[in-house]
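So the structure is just underneath, and the comments pick up after that.
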């Protein structure tokens, strides 16, 4: 079959184009067995390709000289040297034309090896000039990527860029299974191992242009290779490509390089804009100076000539002068106006921004007065100036921007070349380490072998790999031992935790018991002392009474300090921040300690910095206790001296100020070795001081804890025999006080229920209350208390928390759940010796409104009674209404619409309650339950919780078929309805008119 015809696949093959052979050359050659020895085959041989044609003709066409030089017998078998170099034979004896040049010799053919003739440099140049030989070189990209070509194919004359074979380490390397012989990708083979029909060029075309698609026959790429190297190469080809888990960059570009590029570009843009703006500003100033210079030139050099010409009435000269001015740069219009002439040079109505300058023209003849001749008007075209500035600025901006962008790109490329590609390699290495592969070392592909920071990081990563390997081996060895140690330690910690929890529970029980057992008799001692103060006693008995009261107060102070410090160690309290007056607080503390100071002949002095704001907001309770402790110590250790309290402002910021409060005395002082430990618990100045002055040594420790809880610091300065100065610094928020606190109003007589099981405590509390005019009812336990609450309404209920049979919390809940509701809104105060913070929170959570601690103080009792009068309405409102629900309704519906709905509800109640009472009278419990159910749902949906709860309770009793008292329920529902309407009016949800209408 002729080449170039269908089936050959080589008539228009790229190898023919690259070798310089015409496309129709093979078609023009004669067909037949001996046609391969003609001029066409000679041209093919000159081009460096094996000839094509019949086998016998080709063999006959060989010169006799070459046949004699080979000297090989016609055995029909390939020579040993020929077998070692497959693919370079010229087939002879083929019956068909266009045989494959790259196919193994057929059986019976006599293969003759052919060596490529080496040409001298002169011959190569001569052939290049004639156009018969084109040097074939690998393209630069192939040389750069490291492609190589088989020696056999080069000797066969195939083009290098078509028959190249990539290195196995390249990412486009053909992967094959282990044990499979490597074959050239350009040689396609048939099922029996041979090449497809159509010749070697057709086989190359079938293999694809890039030669990476189809594997060739095994004999085409048979090479000698070391077995170990071959095995390593197979392992590299068969191993899957691993991807690190944490990729530093995507693709071949680095995130850091792109980020650097964008930031440099952004900086370049900002710098370019700024530089352009600065340059534009200076150019603008230069243009304005030039305009001013031209105007000054006109003023100094042209006005005199204009005045002379105008005086001489020389119009021609004036026109010439105007044209001269019009030739100045940026002059849009020049006009001369006078009584004789109106001359104009330039546009009559120029467009754009103009700057108009007018110069008056006057002339003074010799010996005469100066006369006004006219006015010269010059219009300067600022738009032209601005256009020139903009064009120049844009040009410089583009130039600088291009330069800086190029610089940024160069820097980013350099950064990628020097840094990010190595970071990518190190990220892959770190990914392998993260996956647990610690066998592969880290190697960087660096052109510059000089060590730098990247090498330091790589060395650190390699050291980390070695350390991880060592640590893994050591960790595996220590794992079992560590597990056993952890188990033993866990068991020990669990036992210690159980013991600590048991000790903490025992401590809490001990403190609660101690507080209750000591405060209860103290309440009787101090209460009786308070009652006996107004009794008719002699002077000696009064002194004994004062001694008794002083001893009781001292015992109470010690108890309070011990319990307070225990609470602080357990969990420091954070009292509520309130608004207070600092001056009033200091005066109250000084007034409290003034009797003790008078006994020691000690004078108290207060100095308050005028710059200190009076109103503050903060933990007034903590501050009061710290001042009381410090002043109490100063008064106790000072005899016939002076105690000075100073308050100064250290700094002030928006909404707060930092204060320094100091308490100085002239007492005994503190030794130097004790100053560092003076704020520790149970620490005093020494054993002699403890024996002489007494005390627990907890006051300063408590003060330090409280100051630290306030965010401040505390310290002391002292000298033995000269006195001490205790100071602390805190920061307080500023507050505006509404005004002076009004004096406490006299409390009207109240109905008080006192529930106390100890007779002495009942007698003390009753005596103190009755002395102020209050009426007191007594109850020993919960039963009589509940009975009294059902019979009458009280203004205040005092409950002891430790009652026989029923605790005070349960009794409070029972009073709140009483059906008649007489005392459901009555204030209930806890009257107990258990005043720990967690207990106080439980009291308030149970529905109590206050706590009175034992021993009972008269001032605390009066303060609580004073709050009762104002708290009762609020408590009644809170018990009758769900304020949160009503506030939500008012926010969604509006005030007027909510008032209308509440009025309709009250009107519906007025209509339905008589029907409900009638159903109860007629014993129609089903109808009564139905009406109560409807009204209860309406009341609950509108926030009348007390009335809704009463109706719900009535519904349950009616459905239970129990005995229902119609008269009691009628009175109760009427009272609940009136209380609900009054609560709505007091809370502002219902006006007077709406309430009356309801």
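Each residue, glycine too, has its Cβ placed from N, Cα and C.
The compositional bias 'Low complexity' annotation in Swiss-Prot covers 40-49.
What Swiss-Prot lists as compositional bias 'Basic residues' is 161-183.
Annotated domain 'HAMP' per Swiss-Prot: 417-473, in sequence order.
Swiss-Prot lists 513-734 with the feature domain 'Histidine kinase'.
If you look up Swiss-Prot, you'll see 751-869 marked as domain 'Response regulatory', on the strength of sequence analysis.
The domain 'HPt' (894-987): residue composition by secondary structure is 81 helix, 0 strand, 13 coil, according to DSSP. What Swiss-Prot lists as domain 'HPt' is 894-987.
The phosphohistidine feature in Swiss-Prot is assigned to 516 (among others).
Taken from Swiss-Prot, the feature 4-aspartylphosphate covers 800. The number of other CB atoms found within 10 A of the CB of residue 800 (4-aspartylphosphate), across every protein chain shown, is 25.
Neighbour density for residue 933 (phosphohistidine): within 10 A of its CB lie 17 other CB atoms from the protein chains shown. Per Swiss-Prot, the feature phosphohistidine maps to 933 (among others).
Taken from Swiss-Prot, the feature region 'Disordered' applies to 27-82 (among others).
Annotation comment: Swiss-Prot describes 154-198 (among others) as region 'Disordered'.
The region 'Disordered' annotation in Swiss-Prot covers 224-245 (among others).
Feature annotation from Swiss-Prot assigns transmembrane segment to 264-284 (among others); the stated evidence is sequence analysis.
The list of residues near the transmembrane segment (395-415) in space but at least 6 beyond its ends in sequence, with Cβ under 8 angstroms from a Cβ of it, reads 254, 256-258, 260-261, 264-265, 268-269, 271-273, 275-276, 279. Residues annotated as transmembrane segment in Swiss-Prot, with sequence analysis given as evidence: 395-415 (among others).
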Per DSSP, how many helix, strand and coil residues does the domain 'HAMP' (417-473) have?
39 helix, 0 strand, 18 coil
Provide the three-state secondary structure of residue 800 (4-aspartylphosphate) computed with DSSP.
coil
For the domain 'Response regulatory' (751-869), the number of residues DSSP places in helix, strand and coil:
53 helix, 23 strand, 43 coil
How many whole Å apart are the CA atoms of residue 800 (4-aspartylphosphate) and residue 933 (phosphohistidine)?
39
On the 0 to 100 scale, where does the mean pLDDT of the domain 'Response regulatory' (751-869) fall?
81
